[in-house]
Amino acid sequence: MNFLGTLASRTLGSLALLIVVPTITFFIQGLSPSNVVKGLLGLDATPAQIADLNHRLGLDQPLMLRYARWLANAATGDLGTSYTNHQSVQQILAPRLSVSLSLILGALAVFTIAGVVVGVMSATQGRVVGRVLDVVSTIGVAAPNFWLAVILIALFGVALPIFPATGYVFFSDSPRLWLLSLVLPVVALAFAGITAVAKQTRDQMMLAIHSPWARTLRANGASEVSIVYKHALRNAAAPVITIAGTIFVGALSGSVVIENIFVLPGLGSQSLASALQADLPVVQGIAVYFTIIVVVVNVVIDIAAAILNPKVR
Amino acid sequence: MLTTRAPHRRRVRGAIAGAALAGATFALSGASAETLTIAATAGPTTLDPTTSTNGVPSVWFPNLSYAALIHRAPDGRSTPGLALDWAYSQDRLSFVMNLREGVKFSDGSPMTAADVVNWLKHYKEKGSFTAWLGKVTDISATGPMQVTLKLSTPDPMLPYGLDQDGMAGDVVGPSGLAHPDTLGSTTNGAGPYMIDPKATILNSQYVYVKNPYYWAPDEQHWDKVVVKIISDGNALMSALKTGQVQVAEGAATEAAEAEGAGLKIISAPSAMLGMYIGDIDGKIVPALKDVRVRQALNFAIDRKGIAESLYGKYGKPTTQFVPQGIGGYVAKLEDFYPYDPKKAKALLAEAGFADSVKFTLVEQPAVSSGDLLAQAMVANWKDVGIDVTLKPTDSFATYVPLMGTQKYPATTLTFQYSVQLTDTQQLVTNPALYNYMGFTDAKANALAEAQRRQDIESPAGVAAAEASETYMVENAFLTPVVSVDALLFATKGVDGLKFATYPWPDPTNWKPAK
């Protein structure tokens, strides 16, 4: 199978997620003991009030029928309306999507670039840097992002107010403030990823630098710079990109916590509020949005890996 | 707080830009005299007053955009709102309100008596607190600006149901009532502010701007009011310390930090925390039918220890349902259940339930330090041989249906203080908001009825409230544990924050410091 065929096959496989994930989300919520109608109407709601609201929200229909309707509407781009405030799901999530994308793509960029730089330095600068990286990696993996977030806010938001402690500025309002408002949350979300990518990069670089083909290149007079940055780095890149993709998917769940701590109006903070309110259409919509993000990133990673490593093609 | 949203105006907001250019602080967002930025720990499920909940902070959202028929001043007095005056008839079976002339809703349409009638009928049918209008049999316009409510039996609570915290008086305009689905995310009230839907991100930030038709422009203290939803305590304190937020709902656990940061702390007794027993008839746990067992549950609790350790100076031990200062409070009842494990054991033995009482206690969400409180109560009960298992819930959407199963005999609760009749009517009568097991106590019903025949604030009304309070405490319908304060943390730029037990803190009273 050629590259395009492989890509098409993987994309189709990823697209299946777009049906599987929201379907699982729908039925888990449908079977949960939470009840949005009773939550809204309170303890002293009359049976007539409950029946009326159930009917108005379509919750008096069988679960399978509700699912079929949701799926049919979703296929046309209609993700429904919120049970609680009756806004369309797209309307609720549209402003939040850019916030979450800014955060998680920012984190992806930071942990990939910083991780690769540190990893290459570690592989080329000797054992001391490598040991330090090992220690920092362990800390990076062990330190929860919410703990790091609190420390960053206390240090750089309150004690030294270099960055805003909380909040978000939209790019359209001020590109400069948008960037400043993202620094601390992106660092908090990316930190564990930096160390993981750095360690992976170092290990792959060490393998490449000490491989037989590298020795052959040296014997043929190739410079160390050329071996490291032209050949070894390219060789190490594919596995590094793959692990970056895995970390990215993990960062999506981390973004829920980070958005709450930094008070960012993203999909993560909305998912928490909607789940607590049992607002199923909104939670479904967020599941769809997150799945699309994962699918797109997976496809991009596949393409990047294929470009960097002919064997993948 | 820096969150801003202006989809159709690509300009940098002055205050924020200034802060950024200065490069040193982000404190200016919302700190200008024309913008008040408030932090609430949770967003409202809806902006529609029909299904809005009350209590702090939920009530802040309707407070800003919906004027109530009756306005309760911070000192508790009933003052004119959309209604200029009101009165019960001689037989107390009619309640007549004369409405304010010249009031307009935020869309510019004038308020008429018919609008008020339509709203009250809508609320009576669909509202979250329909009990306020439970005894109302007819609502009609009896003059161009007069509305009359007919009652089946006397009910002195109407002025409370129709005030800004009761919700039933938050009149929605005709266009809102014609399109009720729009009310979840927009507003159509006659209050001082109205929501700016374009700048609002539901569950994150609610932006209110001046209602251009408000009848008292002098009382619109801000050009804009922004309510930020900040559920994380650390984030809340950081936002306050850096001036991103000016007023926030505080917590006792953060009071010392707020004090250290030089913030203003305003507090007043706000709620009773403890355990509600639904199974008074002993259908699930037969022992709970015996008053001696319920009294043993009360004697076993170390209220002083729990109050001091969990709530510090913002919590006081209590055995009652209203605090000092509210009609119905009986000072001598505070000593009715001293911490006495020996007496608790003796009562259990006397009732024939020594070491054999066992039940599950559902944890209501949003009880202040609720997990720790419940665990402390369970530990106290264990010491006297009562075995209680906790069942946590994560949200009211889970909690309410769980209680509706009628499989659980008791729940922890936060009971926001109001007047004593509210406690009686919501806790021990049948029907009652909390009476999910449907027990009937004839004397509790009769005592409530006696209160309903009097004005709440009259000497006879207070005496009737004291009788209800005494009966509820002596018969241990609940296990009250601690009376907690509501707290506001504020920067020095805001005044008018003082509040009493009831009404709850109201952001329309807050104004720029002179």
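Glycine is treated like the rest: Cβ placed from N, Cα and C.
For A:97-301, the entry in TrEMBL reads domain 'ABC transmembrane type-1'.
Here TrEMBL flags A:12-31 (among others) as transmembrane segment.
As annotated by TrEMBL, transmembrane segment applies to A:103-124 (among others).
Summarising the annotation, TrEMBL assigns transmembrane segment to A:145-171 (among others).
Proximity of distant same-chain residues to the transmembrane segment (A:177-198), defined by a Cβ-Cβ separation under 8 Å and at least 6 residues beyond the stretch ends, is recorded for 102-104, 106-108, 110-112, 114-116, 118-119, 122, 133, 136-137, 139-141, 143, 145-146, 148-149, 152-153, 156-157, 163-165, 167-171, 240, 243-244, 247-248, 251, 254-255, 258-259, 261-262, 264. Per TrEMBL, transmembrane segment is recorded for A:177-198 (among others).
What TrEMBL records for A:236-258 (among others) is transmembrane segment.
Summarising the annotation, TrEMBL assigns transmembrane segment to A:286-308 (among others).
Among the stretches A:103-124, A:145-171, A:236-258, A:286-308, the one making the largest number of Cβ pairs under 8 Å with the transmembrane segment (A:12-31) is A:286-308. Proximity of distant same-chain residues to the transmembrane segment (A:103-124), defined by a Cβ-Cβ separation under 8 Å and at least 6 residues beyond the stretch ends, is recorded for 130, 132-133, 182, 185-187, 189-202, 204-206, 209, 228-229, 233, 240-241, 244, 247-248, 251-252, 255, 258-259, 264, 266, 293, 297.
Residues of the same chain lying 6 or more positions beyond the ends of the transmembrane segment (A:286-308) and with a Cβ under 8 Å from any Cβ of it are 3, 6-7, 10-11, 14-15, 17-18, 21-22, 25, 74, 79, 93, 97, 100-101, 104, 108, 234, 237-238, 241-242, 244-245, 248-249, 252, 267, 270-271, 274.
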